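Written below as structure tokens is the structure these notes are about.
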Amino acid sequence: IIVSVLLEHALHKLGHWFHKRHKNALAEALEKMKAELMLVGFISLLLAVTQDPISGICISQKAASIMRPCKVEPGSVKSKYKDYYCAKEGKVALMSTGSLHQLHIFIFVLAVFHVTYSVIIMALSRLKMRTWKKWETETASLEYQFANDPARFRFTHQTSFVKRHLGLSSTPGVRWVVAFFRQFFRSVTKVDYLTLRAGFINAHLSQNSKFDFHKYIKRSMEDDFKVVVGISLPLWAVAILTLFLDIDGIGTLTWVSFIPLIILLCVGTKLEMIIMEMALEIQDRSSVIKGAPVVEPSNKFFWFHRPDWVLFFIHLTLFQNAFQMAHFVWTVATPGLKDCFHMNIGLSIMKVVLGLALQFLCSYITFPLYALVTQMGSNMKRSIFDEQTAKALTNWRNTAKEKKKVRDTDMLMAQMIGDATPSRGTSPMPSRGSSPVHLLQKGMGRSDDPQSAPTSPRTMEEARDMYPVVVAHPVHRLNPADRRRS
């Protein structure tokens, strides 16, 4: 009870700290984590309640010998598991009471490792992105503005971005090899970051926008972290299928441990290929460019035109890696399972080393690379706005819908009574100069959340870049006396 209360208190304090620092995405991820732990506890409760009916499921001795993860001698099942016989002669239990207890422990260990690995991937990704923050700061310097002067003409093949990703890299077949090894060495360079940043701003904002692209990527990655920290139904299905196929000593868990590595290497190679394809598109577009090279974000660069598939594969890789490590710890710590699963100690050590290397590769290289390249899709993500801006725009949308509903109702009533003049309650059509920025300012000033921090002028400037306001200039009339004198 004391341990449970301390854990609950620690999670509550952590959630309060996230809200205090306006880390709302991380706070939601924490709630998702707590929900997953509750789900795991509920599964264990169901297993505990139904252990007697499950123990009553009978199978033949031959089937029991095949379904074991280790090879056994014929007839040894009967002598070794005589306590687990079903009522019918010649049958054995599908799962004994002891095996259900072991399953409780495995589910708990799996949940702990999945949560731990999710925290590691977030920590290492943010560590890798610290370098990008320096590059973001340089965009406000005079040197950067001079190097990307819009009046400057250059040959396309002379730009740093095109030179890095073309040449030998543009040769069919060879570029896949280059992309494969590039993910390990300088997966994201300064020129890559600045070029993708310029392409995103040019596609979704105004060209002269002072947009903090690095901060936007961090918010976007925190939103994706809410997905990564959960265990979806397909992932549970993968775990069950993996355990179910580990039969007759064929070593399913051994060769399955290489699948996450293969998936992750394919994802990293594909992300590098997307950057190369963007560079090739710039060169094919024209031989001379004006200013900085600009890429055009599009979903066509991703598998099946779905950028979210990349996140699913990363999520699957993370879960499979946590599953393998949890299974290793569980089998080592559980009496009677070590001799079955770790007969080859060298192979077991190799799986552990491979899992640790895979976790580092996913956290420090692939996930940050995904967070950057996935912004090159056709649509920008909701995290383009901070919480206050998104709330204000949502209020503006709801207000506009209500005004439209009232206006349509008044027009309908006017038609029914034959009166062409709208009633007093009719809401006027918005003027040409109106925009959500005006309501955005009102929404910022009238925030329903008393603890929310005021939006910075930088955020308002970003919103004006996206929703320009047409300001009507006042007309100055001359005094008649002044007119006669002139």
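Glycine is treated like the rest: Cβ placed from N, Cα and C.
For 103-124, 225-244, 250-268, 309-332, 352-373, the entry in TrEMBL reads transmembrane segment. Taken from TrEMBL, the feature region 'Disordered' covers 419-486. For 423-434, the entry in TrEMBL reads compositional bias 'Polar residues'.
The stretch from 103-124, 250-268, 309-332 that makes the most Cβ contacts under 8 Å with the transmembrane segment (225-244) is 309-332. A Cβ distance under 8 Å defines the sequence-distant neighbours of the transmembrane segment (250-268), meaning residues of its chain 6+ beyond its ends; these are 69, 180, 183, 187, 242, 310, 313-314, 316-317, 320-321, 324, 327, 341, 347, 351, 354-355, 358, 361-362, 365-366, 369-370. Outside the transmembrane segment (309-332), and at least 6 residues removed from its termini, the chain residues within Cβ reach (under 8 Å) are 102, 105-106, 109-110, 112-114, 116-118, 121, 224, 227-228, 231-232, 234-235, 238-239, 242, 253, 256-257, 259-260, 263-264, 266-267, 270-271, 302-303, 338, 340-342, 348, 351-352, 355, 358-359, 362, 366-367, 370, 374.
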